[in-house]
Amino acid sequence: QRACPRILKKCRRDSDCPGECICKENGYCG
């Protein structure tokens with residue numbers, strides 16, 4: 001389990017996302 005805050009955040013790359021979230025193919029962190 002990754003430490004990923006459950007917020008809807010648009011992204012283009014993993015580093016755009018907080019915590020251990022990754023940028024998913026739908027364009028949002030998850």
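Residue numbering: from 1, along the chain as shown.
Any Cβ shown, glycine's included, is placed from N, Cα and C.
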Member of C4, C11 annotated by Swiss-Prot as disulfide partner of C21:
C4
Tell me the Cβ neighbour count for C11 (disulfide bond), meaning other Cβ atoms within 10 Å of its Cβ, over all protein chains shown.
18
Which of C4, C17, C21, C23, C29, the listed disulfide-bonded residues, has fewest other Cβ atoms within 10 Å:
C4
Residue pair C17 (disulfide bond), C4 (disulfide bond) - Cα distance, angstrom, rounded:
9
Reduce the DSSP letter at C23 (disulfide bond) to three states and note it down.
strand
